[in-house]
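**Q** One structure, as structure tokens, below. Some questions next.
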Amino acid sequence: MSSVLQHARRPSVITQHIQDIKIRQKFLLKLSKALLSFGAPSHRITSQLTAAANILGAEAEFVHLPNIIIASIKSNPNSPSARTYFVRATGRVALTSLHQVHLVYRDVLHDRIGAEEGTQALKKLLREHPIYPLYFRCILAFFAASVICATSFGGSFLDMWVSGFCACILQYLGLNAAHKSAMYANVYEISVSIIVAFVARGLSNIPGNWFCYGAVSSAGVVLILPGFTVLVSALELMSKNLFCGSVRIVYAVIYTLFLGFGLTIGSDFYLVVDRRARKAYYANSIPTNLTYTHGRFVMANGSHPFVPIQGVLGQADALNYEQQHLVKGCYRDPSWQWFKQPFPWWTLLILVPLYSTLSSLGNLQRFRSVQLPVMVLFSCCSYAANKGASVVLPGRTDIVSAVGAFVIGLLGNLYSRVIGGTAFTSMVTGVLFLVPSGIAQGGGITQTYRNSADQYSSGFSLALRMISVASGVTIGLFVSQLLVYLFGSRKNAAHFAF
């Protein structure tokens, strides 16, 4: 009697909607394709499919490779042979569709609907077009890049619109031209980074310091940063999925190097064209190397007793007026007008929720949904924790990112545990916000260089900062999930979270 009550309270097997094994196989295969198509957390896909197969009573094994799921399913439990299926799909994060997939997954595993009905629901989701048209997604990219320019990269009111325009063109090329032409898709990221850097360098050399190169170029390409890929690869490595994790992180590092070198090429190309800009650039660059002298030194002003000092002395030129008024790499004279100044701190109370909303909509979340306010709230809480930690621990992007990730992981898993929402979709916006924030705290995407050695190391430093931020986010997410699921009843279905 107690076992019957236990199954009624939380069923771990299907007792009402018992259907043929072939129907259950179709549901598992269609679920595999839906998870790949809508950007489910890749380190959770195998566990989700295995849990579904166990509850549905299907003997199946799954292997997840990048963009491919290999499923081995037995048609007859009494037969030792099994059929192998290859499910291949590529896609981006689609929050609304992913949430609906999770609802279907949960309804089938909780025995509310049958596997055949769940298969039809997944087929309908896969056939649907994106909920927003191309022009609206370009508009979202315009405003998202404009807001992140002022929020994370110290951009002014003028810098916002230029970076937004660059991001709008970038989004259009990515969704239209790169999607139609396989040849252009291979050079899409490099081409747009060169264009953005060329435009930003040209505008920054207009007399009067109207635009900042670092703010415009960083915010202009922030939408194509592989922050989500680096994060997923770090999560896979933490989950002992060595093959997928290593492949993804190598791809993300090489991709970031291409992006950094593309920005450098675009900037250098304009400096080659404009001789005046080239002379001004190298004249105003801050020296990165000190002049070292080794020997014994004695104070000559007579204010100290005769105490010789032996060792190595590093000397550098004093900072000039422009270098003393740099805000996140941008020169901001205090006497300038308001539209050439960075935004005051209190504007973050408006810009952070605005960017969180735009980012959620850009990841295909419906505007009229209950999940959207939850995403924005969690993202704002994560950003507040990230900002507070950066004040206490300046320069430690890994620890700062871990604090922000811990907060959003705690909120997201509690939202799933207590209220029954989807943890992953509620956390995506906040987690993606941590990547540009952490990179900006580590020095931004673009850096000043004076020679070929600095130029070469600048591309690598961007990749290293990306990995540092992703490592901190990974630790924070795992610790928060451990705390939430450490107590309470066991979860039969697999975790649908980071």
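Placement of Cβ uses the backbone N, Cα and C atoms for every residue, glycine included.
Those TrEMBL annotations? Automatic predictions, nothing curated.
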**Q** Looking at 363-382, 423-442, I want to know which stretch TrEMBL calls transmembrane segment.
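**A** So the range that TrEMBL calls transmembrane segment is 423-442.
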**Q** Taking 165-182, 399-416 as the choices, which stretch does TrEMBL tie to transmembrane segment?
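**A** When 165-182, 399-416 are checked in TrEMBL, transmembrane segment belongs to 399-416.
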**Q** Out of 134-154, 185-203, 215-237, 343-362, 462-487, which stretch touches the transmembrane segment (399-416) the most, going by CB pairs under 8 Å?
**A** 462-487
**Q** Between the stretches 134-154, 185-203, 249-273, which one has more Cβ pairs under 8 Å with the transmembrane segment (215-237) than any other?
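**A** It is 249-273 that shares the most Cβ pairs under 8 Å with the transmembrane segment (215-237).
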**Q** Out of 134-154, 249-273, 343-362, 462-487, which stretch touches the transmembrane segment (185-203) the most, going by CB pairs under 8 Å?
**A** 249-273
**Q** Give the nonlocal contacts of the transmembrane segment (343-362) in its own chain as ranges (CB under 8 Å, at least six residues past its ends).
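**A** Sequence-remote neighbours of the transmembrane segment (343-362) are 95, 132, 137, 140-141, 143-144, 147-148, 150-151, 156-157, 223, 372, 375-376, 379-380, 383, 387, 428-430, 432-433.
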**Q** List, by number or range, the same-chain residues at least 6 past the transmembrane segment (462-487) whose CB is under 8 A from its CB atoms?
**A** 225-227, 230-231, 233-235, 238, 249, 252-253, 256-257, 259-260, 397-410, 412-414, 417, 431, 434-435, 438-439, 442-443, 445, 495, 497-498
